[in-house]
Every structure is written in structure tokens, then in C-alpha cells.
Amino acid sequence: MPLRGVTALSDFRVEKLLQKAAALGLPEVKLSSEFWYFAGSEKALDAATVEKLQALLAAQSVEQTPEAREGLHLFLVTPRLGTISPWASKATNIAENCGLAGIERIERGMAVWLEGALTDEQKQQWAALLHDRMTESVLPDFQTASKLFHHLKSETFSTVDVLGGGKEALVKANTETGLALSADEIDYLVENYQALQRNPSDVELMMFAQANSEHCRHKIFNADFILNGEKQPKSLFGMIRDTHNAHPEGTVVAYKDNSSVIKGAKIERFYPNAAENQGYRFHEEDTHIIMKVETHNHPTAIAPFAGAATGAGGEIRDEGATGKGSRPKAGLTGFTVSNLNIPDLKQPWEQDYGKPEHISSPLDIMIEGPIGGAAFNNEFGRPNLLGYFRTFEEKFDGQVRGYHKPIMIAGGLGSIQAQQTHKDEIPEGALLIQLGGPGMLIGLGGGAASSMDTGTNDASLDFNSVQRGNPEIERRAQEVIDRCWQLGDQNPIISIHDVGAGGLSNAFPELVNDAGRGAVFELREVPLEEHGLTPLQIWCNESQERYVLSILEKDLDTFRAICERERCPFAVVGTATDDGHLKVRDDLFSNNPVDLPLNVLLGKPPKTTRTDKTVTPSKKPFHAGDIDITEAAYRVLRLPAVAAKNFLITIGDRSVGGMTHRDQMVGKYQTPVADCAVTMMGFNTYRGEAMSMGEKPAVALFDAPASGRMCVGEAITNIAAVNIGDIGNIKLSANWMAACGNEGEDEKLYRTVEAVSKACQALDLSIPVGKDSLSMKTVWQDGEEKKSVVSPLSLIISAFAPVKDVRKTVTPELKNVEGSVLLFIDLGFGKARMGGSAFGQVYNNMSGDAPDLDDAGRLKAFYSVIQQLVAEDKLLAYHDRSDGGLFATLAEMAFAARCGISADIDCLMDKFLPIHLPDFQGDPAEDLSDELYNHAAIKILFNEELGAVIQIRQKDRDYVDAAFETAGLTDAVSRIGSPDFDNEFISFFGYGYFLEQNRADLQRAWQETSHAIQRLRDNPACADSEFALIGDNERSALFADVKFDVNEDIAAPFINSGAKPKIAILREQGVNGQIEMAAAFTRAGFDAYDVHMSDLMAGRFRLADFKMLAACGGFSYGDVLGAGEGWAKSILFHPALRDQFAAFFADPNTLTLGVCNGCQMVSNLAEIIPGAETWPKFKRNLSEQFEARLNMVHVPKSASLILNEMQDSSLPVVVSHGEGRADFALHGGNISADLGIALQYVDGQNQVTQTYPLNPNGSPQGIAGITNADGRVTIMMPHPERVYRAAQMSRKPEGWTELSGWYRLFAGARKALG
């Protein structure tokens, strides 16, 4: 059944499409669009169901669909035929929970109408513009949409005739199906199947290919190496293990699980207690830290959104499946691509070399990929707090080096109970379970495909190898895992793995093989969302959001109850055996698609030997005396590795969970310059965790081992200003990217691993976890020319550490302290090597020597001094030197404070000249030629040796100097100037001024790339509005003007009375903000309970048992029918629930708070809330983008009981939403004078604002929150529950100690209830 919806594309989206069409030379057309919905059912729906369906979808059923005609062309964009979209899964869930019987599935399409004359070829070009071929189809008419619901006929497996056709038969199958088997592996399989006297099934071959792919088995890291004719003594992995063997202390799990586990602390963890009817309680327990980082490069090249999304999702599952279950906490993301070539902003260093047709352009990757990664993290509910973004594409020694195959890195940290850190052994007879989403025909052969050079595979096989993500169901699965580990020693999970490359065919065998078991599986028990899949497709597809785990049969009822409460699908698929044999039975065809010993699959296929030789790069001396230093400064600031990353950061929720202390944004202007991320371990502690990154790929072209050491060094200098203590507390993850097989690259990889291993051992560091991606080469045919782009060896180091006190973290924001000074610590000790620098890149000047960590002991000493200064509160600001050199370091510190800097490099010049011009004897001010002076100044300002700038008080100068002297680092330290808060000029002088520029002008250049991509991706008017605020310090600044004593707890008398009103912390599937909500209300003296909508439906809880209701933030049902709409309709369409909620809202003795998704949901219940007749709905942000920011709000006088104690105050608060714009279309666009506006966005001058992003969503009158007539029901889009502690705020106002101003809201609610 088709149903017609509302307009699909906003005016600016239409305009962007028309501009793209014009750029392709397409004729002018008029474009209109609308959503269409298609409901599949086995029989015709009755009138009552159709009416409900129309209300649910806000759409109208039609008897006849419109058709294209002469001059009016229809493009019906639907989910790709043969697939089921995540949107459909969630929409169908809503329909089921709303009681709509008989609906098999609901899909959504978009009808685009083009009015004008178009040829068939032009229509094909338009079709390409209108859809993503990875996930969508374009249909010519509405009748074809019926194919969305076609079911294929089931087929059995096929075999490859190795008994009759021998090795040649397998070689042919290998090529045709993209198995990526080596010649040795083909011989191994032929030998084993001939011994078994049977032919392999296609299922077994695909399973073997995935399980033994480079992606899964890391064959190169375990290989023997012969370099320059000599066999090397150790494998790559052996050298990595050496770091752990030398320094195992502080590491709990290394090399043998989905993630590494490092030592944490005993803290009070906060979660619902099943033994106390899901009451939230603190639990004192030893809690360790999970660390994991991996890459998803190949899928991101093919389909950036889906590739990055599933990269984030897979890494999250790795964390959750560590030990016997754990909780992911905070994420990191990074991207490396070739040159962007942004239209109208092509940079002078960029040349367009071309690319293969089937991979995405670097610009498309950076428009779509970050949204995919952020969207998954956002919807799952994990803050993304750290990252990097680099572009590189240069001709070097006759080869084009770059990242046509991009790096997309996803990682993070999590928390795990000490007693859950190690998996138990699976006994015979244990049940083998799939938890999470159903199988679909996506992601076939991803492990093998990602192990091949991009372009060597058939495009259709690359296409098949990419997965699609559904974070909402992964959230449900994680809730099940949480409920299990929270049972402590009653946890039913024996062992758990995530489902990744190879799908179930890799995950289940891995699960049982770890315990030395075999297994019998029933293929038709695997949950599927598509009919007609072959056994190979069922067993090997890489559908996401799945885990495999084992439990005892006696625990099945407990596990089932948890899954049903969380509405998370699961199935018992198999049973563990003690015979070491793997059998997969197919009852449909009464055969066994898999039937072989596990040791054939996971045994010891032939060990790889790598042979390579040293290829020495050509060396050119660096010279830049003829380059204008001011122009150089602006160029360097525009290079993406240096430039602002706002467009990557504000799309990602950075506060969900309420544990964030330090995100990327720093200071009262929220400038993206943080060196590292810091989280808190719990709500009752200042202990925490920190993570940082280091990567230097361009340096590897000059000296690969040096690049490895520099990566380690950068990770340390980035994390050094956090209160960690001994350097050995820091643990590293190493992700290795290389174009192995390209001459010289295997040798570089070996020597770099060797160098990093030695450096880490010298630094007392270990690498307990890592990953590799060793096919970083793109090849393609361009007409008659064969082209290739080879990535430099690329190591990414991620550092993780426990933190003693998060409050001592020092940021790059300069402080307005009279008489403060800036000290520069140069760990390059004047060498100023320029190889691989940002400066070199922006001038295509690939010359000079590579910077290096020459003495690990001196870096260790530097770290120790900074730790001492952090612990003693001697640092006002800290920023490491990295991309862009000292110039960029100082500029970013000035940007964060919006001040000037006066920097004198005389002393640096005095150190530079004896090293680089030893024969020079004159006066630099008089006798140095302009060219030599310019050359020296450029090297001093733009070299990227390790180092840092610190701001200290003048009175602490002697103490600081003494600390560096004691550490033997006096020769590294120079006083280079001071901040200037009286003007905004960034000035560098040394024997005269040579660079002086206005801060705002430099910052505009720094933010230009981010602004340009934001304009292309989002509403360009919003991007322009944000860019314009760079020069407006007054309106941009955060401040606090509170009319109450922040440190007074007005709930204290009620807490002391011992009476605890019960509050229902309400959530629906997909909600992710319940923990911090419960923690805030618990702090204010409430007795908080975890109440799922399934509990209310099943009668396990009744709202009448509670005094207050808090509806939490997140993505109920993935926001598929509009934010909060599906959640609200599951109440309104359910008579018993509707009555229960209506009675609660009518009770004069209750309070209700709805935040974010809860705000959106409660606004849709206005018809059953007394005094809410004038309320708006909340619609998509004006930017049409998810907005995560720290915004200023004002609390006007209103009837709101929970805000009563905060009236007339203004203070910063977190916002994180995609649909927060108050929309009054229901009221004819009119805002009633009776509307109870309870919260408004204001600017830095405390004026209600419409200016983006000070008003992040475009709400009229700055509306951020509203209340009903009697003030008992208050809803708001911002998140006060995430910032009720001062340490949770990215920027803490002066005078706020333990509690923030937002605690008053929760204390006010307690006071209002008496």
C-alpha cells in the first residue's frame, strides 16, 4: 500500500542539487519532492488499521499513484532492491508496538519530480545525483516499488570440484568470488579436502577466506621477513610483544581478546540493580579500563557514510564483547584522505591526479564519512571526544603518494568489572547464541576485500563487501550485555564475541575454538530479515549489530527475560561439542553446508614469508629563503591537518553518558584545540581516563622509523598535561597502515616496528593492542595509462591512561593573568628538521631531513616535569607543538583565548645559528642576509619537532626553571613572550618584526576549510553565520550570571529527612541518556528507577507508583518517524498506556521533566497534558545537521516548578540534537502569549538570539524549553543532567567547585515535591 507524505527536500537542499546539475551542464529544470511510504502486508488492511497507519506516518493513502508524463520526470528513490533498510526495521517496530496488526514491513521512498526537457542520458545523470548506489535504487514508477517486498526462492549450497578438477578449480573459484586466497592457502585447502575425500562447499571456502584473510589473521605481522637477503630474527608481532614483556605492569589483558584491558581503580559505579526492582544504586567495585582502536578503510572508500558508520559500530562491539561483557564509554575517530579539491577553494598545493570510478572522492569521503561515524556514535550513545583529520597527496621520488584508499580509524575506551575481564571456558553442551540484529544480504567478503589493494577487485565485489549500520539495535544489544554483567557473579555470559568480518562464519568458530570445543549449528535458526538467502549468504554475511555468546541452558530463561525487556532479538543457534568438529546443518534441504574439523579452518595454514629490500629515498636540502613568511602562515593554517576541525566535531555528541570532562572544544569561545580527551570514571569521583593520538605519515617518506618514533612522541606530548603520574601508566594502541608488496614498503614497515618497539621499551611504554591494514594502494586504468596512488607507511598511536584527578587537566586556552609568560620547550633542541612538515606540503616542497625522537630519555624527562607542574598547579596553559610548528601552536592558543601574542624568537635564533650556520660570526640583526634570515625564521616557526608551549605565572618562573634544570632540559627551554589581552595581534619578532597579523584574520584562514565543507554539507546560511562570529567576541562568549548560590544545596534538608520520592527514569528502545538522568536526580535525593516502556506495557511498573517522571534523551526508534514521534504514538495508540500517562499528568502531586528526545516525545503527548494546548512540536534543526554544542541559555520567569529556583539566571548548558527547532505549524505558525517559555537561547550579551549557532536549531524567540500552565510538566532540548557537576562542563565558570548551576534544577524538583 502506498501512502503520500510531506515535502522531502528543503529549499537549500533543492538549490544544492540544482547547482550540482548545472555544474554537470544539465539543462535547467524545476524540482519538487515528497516522501512516499510503502506498507507491505500479506492481506489487505482494514479501514481502522489504515487510519492508524496514516496517523502514524503523517501520510495519506492514495487510490492511484501519480505518473510521469511528457516534460515531467519521476525518480522514485527507495532502499536498494533486495535489501531492508534500517529505517524500515525501526518503523516496523513502531507499528508493532502501536498495535498495527498484519503489517509485514514499512519502507520509505522519496519521489523527485523534474519538470523540463531531459534526454535519457541526462536522466541517468540526474539519477546518479539523487541517490547513493550503495544503499538506494531509483525506480521509474510506483508500480516497481512492489519489488521492495519480493521474496526470493531459497537455494542450497554449491561445491567446487577439487577432487575432479584439482587445484585449477580452486584457483578459478578464488578469482571469481574474490576470496583473496594465496597460492600457499590454495595448496593447503586442496591437500586437506583431498585427504577428507570430498569437495569443499562454497560456504566453507568463503568461511576459510574470511577467517584466514590478512584482515582477520594478520599474516604479515606473524610472517618471517627476509630483508636485503637476510632473515630477520623476529616477527613484527614478536617485536610488539616485546614492549608488553618489558613492561607488563598495569596491563590486565593483552593480545587475546577483542580489546585490551588496563588497570583502573576501585570506584562507585552507578547502574540499576535487578535485585532491587531496577532501582539505581551505587556499587563499589574494581573497575578496569578497556582500550581498542581499529580501522575501516576499504568500506569507507567505497561507501563513506556506511563504511565509517559500521567502522564505529564494529569497534563499539569489540569493546562491549570484551571479557564477559563490558560498557563502551568514549570514542575517537580519525580520517586521512588525498587532497580535497574543494570547488571554489582549490588550494595552490593541490593537484588532481584522478581516481577509480567506483571509489569516493576525498571530498565526498569527508562530507559523508564523518556524518556516518558521528551518527552511529550519537545514536548508540557514545561521546566522540578525540580525533584527527589529515590530507596528503604528493609526488615523491616518481610515485604519487596519498590516500585514495583512505584511513578511517575508530577507537575508544570503556569500563569493565574486574571480575568480568576474562572469558570462561565454554563447557560441552553450552548454548551458542546470536544476539542482536537479523542477517541480511550485505557485507559479503568484507574481510577478504579489505585485504586487497583497492582497484584489484571487481567493482561489484567491492560493492557487496560493505555493510550497513543500525545503531539503535546495537544499543539494545548493549543494554542486554549491561544487564548481564551488572549481575556480577550471576552474569549468565560465559564468553562473548562481536560479529565482524566473515559474519557468523568467523564469529561462532572463534567463540568455540578459544575453548577447544567444536559445535553443531542449525542454519535455519539464524534470524534473517530477508528471504531466499543461500547458505553462504546466511552464514557469511556481515550484517552489523550482532554478537555471538555462550550461556548454560539453565540460564536461558534469565537471558530471555533480559532480551525481551530490552526488545532485543536473540536466537539459540547451536550447541558446543567436545569433538573439535564444526557442523552447520540445514534442515530446509536436509544437508550440511559446513562439515569439517575446526583445525582445518583455524589451524595453521602455511606461514607467510615476506621478502623485500631497502629503498632509500632521495634527499634534497631544504631551503625557503625566498618564501614570504606571512603568506606561508596563512597557507599552513588552511592545511586540513592544521586547520580547525569544527565541521567534524559539532556533529558528534560529546556529552552523552555524563562522564565527559575534556572534549575537543576549549574555553569560553569553544575553540577546537584540545590535545587529548578526558573522561570521569564515575559520578562520585574525580578519577578518570585520558586518551590522545599521534600520527606522522608524511615523515615516513623521508625516514619511516623516525615517523614511528615521532608518533609515539606526539601521543605523549598530547597527553602530558593530564594528571596521570608515572609514564608507565600510559598504554598504547598501534594501528599500522602500509602498502605491503610495493617495493621497499615491507622493509620500512619492519624497521619502523623495530624502532617503535625499542623506543617504547626505553620509555617504559607498552603496546598491548593494535591492528593493521596493509593493502594501502589504489590502482586503476585511466584510458591508456595505468595509474596508482601508494600511501606512505602510516602508524597511528593512540595513548590511554588512568587519571588521578581530572580537574588538574591543563588546556591550550591562555589565561588573562597579569605578568604571565610563555615558555617554549623544544625537544628538537634546535635541529629544526623540516621533512614531512605542513609547510613543506603547502609548497610541494618535499625536502629536508625528518624530525625524530633522538633521545627517549629526554622525552621521558620532559613528561615527568610536566606531570610535576600539573600536580603542583603551576601551569596556566599547555599546548604541544605538532602540525604547523611553533607558529600553529601559538596561534591556536591565541584563538582559544581570542587574545594577542607577542612572541620574541631572538633566543631561538641564537640557538639556531650555531647549529645551522656554524661559520656565521656576525650580528644577526645586521649581518644576516634577508634570505638567510627568512630561511632561518621559517625553519624555527614551522618545523614540527616534538615540543610544547606552556603559560606560567611570572612568580613561578624560578620553580619551573629549576624543574627543567633538574631534569637536564635547560637547553630545551626558552622564554618566547607573553599573551596580550589588550589587543588581538599575533606578533613574531626577532631582531625586528617579521610577522604581525590580526588574530581574527588568521583564525578565519584557520577555519576556512571547515566552513567550506560545512557549507557544502549543511545549510550554507548557518555555516556563514557561524563563520561571521569569529570576529565577534562579545556575542560569542560563554558566561555565567546566576542569581543563587551555586554551592548551596537546597535539597539538603529534604535529603537529610530520609524521605526519597520515587522517580521513573523512563526510556524506550534507542534511548541512551538514562544513566546521567538517574545520577542527577539521585544526587538531589530521589529514589530513581529504570523504567523501560516494555515494563509499562507488561505491567511490571505503573506510573501511579511514582512522584516524578523523567523522559530521557537519545534516539527512540532511531527517530525514524520524527524525533520522539514513534515513542509518543506507542503511548497514544495504546489505550491502557494512554490512560496511565493521562492520569499521571492530571495528578497535581506529580512532576514531569522531558529532556531532548524525552522533550520531543512529551511534546507529542500535549493532547493528554493539561495546559499544554499551545505547545509546539520539535522539528529538524535549521542547519539540517545534528548539533552538539555548549550554548548559553537564560531562565525567564515562568510557571515551571523545577526551574523556579533558577529564574533570571543565565548559564551555559550542553545541547545535542538533530531536531530541536520549536515548530508552531499546528497553531498556524503563531506563538501564543500563554505559551510557558521556560528556557531561551541567549548570546554573550545575554540577549535572546536567533543567530546560529548561539541558537543551535533556529527556534523562534530562542525557545529551548517550555512548561505547561501549572508548571508541573517541563520539557527542554538542552541536557542539564549531563552537566550537574562542574567537572562535566567543557568550560567551567569561576567559582563553581563540585556542583554546577544546573544542579539547582534537580534540587528544585526535590524541593517542589516537599
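Each residue, glycine too, has its Cβ placed from N, Cα and C.
Marked as active site, nucleophile by Swiss-Prot on the basis of sequence analysis: CYS1156. According to its DSSP assignment, CYS1156 (active site, nucleophile) is coil.
Following the DSSP three-state reduction, the secondary structure of HIS1279 (active site) is coil. Summarising the annotation, Swiss-Prot assigns active site to HIS1279 (among others) and lists sequence analysis as the type of evidence.
Per Swiss-Prot, the feature active site maps to GLU1281 (among others). Sequence-distant neighbours of GLU1281 (active site) (same chain, 6+ apart, CB under 8 A from its CB) are GLY658, GLY1073, GLU1076, MET1077, ALA1079, ALA1080, PHE1081, VAL1155, TRP1302, PHE1306.
The DSSP secondary structure for GLY311 (ATP binding site) is helix. Marked as ATP binding site by Swiss-Prot: GLY307, ALA308, ALA309, THR310, GLY311, ALA312, GLY313, GLY314, GLU315, ILE316, ARG317, ASP318, ALA674, SER882.
Sequence-distant contacts (6 or more apart, same chain, Cβ under 8 Å) of ASP880 (Mg(2+) binding site) comprise ASP675, GLU714, THR717, ASN718, ALA720, THR889, LEU946, GLY947, ALA948. Secondary structure from DSSP puts ASP880 (Mg(2+) binding site) in a beta strand. Summarising the annotation, Swiss-Prot assigns Mg(2+) binding site to ASP675, GLU714, ASN718, ASP880.
The domain 'Glutamine amidotransferase type-1' annotation in Swiss-Prot covers 1063-1314, and the record cites sequence analysis as its basis.
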Near CYS1156 (active site, nucleophile) (Cα-Cα within 10 Å), the recorded positions in question, chosen from ALA309, GLY311, HIS1279, are HIS1279
Integer Å value for the Cα distance linking GLY307 (ATP binding site) with HIS1279 (active site) is 30
Min neighbour Cβ count (10 Å) across recorded positions ALA309, ALA674, CYS1156 flags ALA674
For Mg(2+), residues beyond ASP675, GLU714, ASN718, ASP880 with C-beta within 8 angstroms of the site's Cβ centre include exactly CYS676, SER692, GLY694, ALA715, ILE716, THR717, ILE719, ALA720, SER882, ALA948
In chain order, residues whose C-beta lies under 8 angstroms from the C-beta of HIS1279 (active site), counting only those at least six residues away in the same chain, are SER655, GLY1073, GLU1076, GLY1113, VAL1155, CYS1156, VAL1213, VAL1214, VAL1215, SER1216
ASP675 (Mg(2+) binding site) -> DSSP, reduced to three states, gives coil
Its Cβ having more other Cβ atoms within 10 Å than any other among the binding-site residues GLU315, ASP675, GLU714, the winner is GLU315
For the binding-site residues GLY307, GLY311, GLY313, the largest set of other C-beta atoms within 10 Å encircles the C-beta of GLY307
Across the domain 'Glutamine amidotransferase type-1' (1063-1314) the predicted model averages a pLDDT of 97
